[in-house]
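Listed in TrEMBL for this protein:
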type	residues	note
ACT_SITE	B:155	active site, proton acceptor
BINDING	B:31, B:106, B:137, B:138	S-methyl-5'-thioadenosine binding site
BINDING	B:86	spermidine binding site
DOMAIN	B:2-237	domain 'PABS'
């Protein structure tokens, strides 16, 4: 038997992964969730047919969305993670002793349960005593918060599905309000390569750069993402991702990483010309 | 009708591209060559079932393999391109007025002819009066050359196919000998992500770093490459890719690029931790 999972990156391009076994599959109130075992990417989970993460490449995403802001902000005490029900982001955050509270807000409780069952190396992040998991809508949760967080990580994946509200102008405004006066927000910025993703990418940068005084974009290579290339947004009230980056302090922490490094931190902000030009157009 | 081209990145992962039409297909003395028309990647050419380049992403590869060394070496007059029968590398080289001679050595003359017929925007690079195309074996051609080139670009793609000789220790030694005393060699370094590619990647760096006093690796995001991630080797007798990088001089040339920029030049050498660690192990 040959069983292939197809992740459609566009209508005309797909990444196919050979499957050894399906481990889980169900329709929740919010989405279709499936878990598969594969040789090349280990276990992976998909929502509505799109891969959310795999055992083999989640380290890239989770390290890059956490260590970049953490190596810039000098004193993070309270963090909000919107989405992130798998626990990978929380896991990376728990490496930092100075963090006192981590609020994880996940809409779909089935997603949390499935990750607890099938991805213990991610879900362990939710077991840290500093973590509180809220089973709630991220946007609604956010509306009640003012001047509360040092760091907000928007870990929501799908700008067109049930998480669509997380990519509106209101969302960026609410994040700004929920952050302390020197807060940082990082978010998934999508993949800029295929034509059909370009407008989403432009719109996100437009909204963020009009809501925050500092708004930069950084990159990573994530094989299961469309075209293998993913962008992150760094929106900040005070700290600049490169000028306020404290490499020495970060190195002294001795956190073990596989993707992130003090060199890569800087290189991640040096973008291809076509991406730079696209983003600059939206800053006007 | 739905027609899909499958590029196997490993036995268990493939990139599938929807095809509108096959334009060419033939077995040559060296390989199987096919040309397809697709919506997402435009026209693309494959050799033995692996995509060599597509209209939509060749700019990344051709810019990165040419502009990085050209922005470092202060006076390139004579260049050798091994492989590169499509003309894309030659095309980028012709932007530099100080280059006097470009020797392109391609084993398979059918590949050149097919690119002339189907990829005129690449093949135009071969029409520059400074370009001489040699229909010859790259390794054999190289053996006759001593102290002749300022820059050698190894544009050969397939370390296991008919171009295998281009990835031996002898090859790096012959490049060293064919280069002038301050010469630079750049070469395809493969994709480091999948386990089965790792050993090739390690072996290349081992050979280059034992043959040249300066040996660094840089990266680019190329969607049609395995996992979307590609490495290049920069092996040099004298010039360091960052310390001797002259951004000001390069910018003054006014060369139009879509991927390469003076910022990206630096960022391209800042590699993920797992790649850095792997390369360092081979330098010992």
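Note that Cβ sites are derived from N, Cα and C of the backbone, with glycine treated the same way.
TrEMBL feature annotations superimposed on the structure.
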| residue | record | DSSP (3 states) |
| --- | --- | --- |
| B:31 | S-methyl-5'-thioadenosine binding site | coil |
| B:86 | spermidine binding site | coil |
| B:106 | S-methyl-5'-thioadenosine binding site | coil |
| B:137 | S-methyl-5'-thioadenosine binding site | coil |
| B:155 | active site, proton acceptor | coil |
Nearest by Cα to residue B:86 (spermidine binding site), of the binding-site residues B:31, B:106, B:137, is B:106
Residue B:106 (S-methyl-5'-thioadenosine binding site) to residue B:155 (active site, proton acceptor), Cα to Cα, whole Å, comes out at 10
Taking only the CA atoms, the spacing between residue B:31 (S-methyl-5'-thioadenosine binding site) and residue B:155 (active site, proton acceptor), expressed in whole angstrom, is 16
Residue B:155 (active site, proton acceptor) sits from residue B:137 (S-methyl-5'-thioadenosine binding site) (Cα to Cα, rounded, in Å) at a distance of 13
Note: in the chain of residue B:155 (active site, proton acceptor), residues six or more apart in sequence with C-beta under 8 angstroms of its C-beta are B:65, B:81, B:82, B:83, B:84, B:89, B:188
Across all protein chains shown, the binding-site residues B:31, B:86, B:106, B:138 give the max Cβ-within-10 Å count at B:86
In all the protein chains shown, the tally of other Cβ atoms within 10 Å of the Cβ of residue B:137 (S-methyl-5'-thioadenosine binding site) is 18
For S-methyl-5'-thioadenosine, with binding residues B:31, B:106, B:137, B:138 per the record, max Cα distance (Å, no decimals) returned as 16
Rounded mean pLDDT within the domain 'PABS' (B:2-237) lands at 94
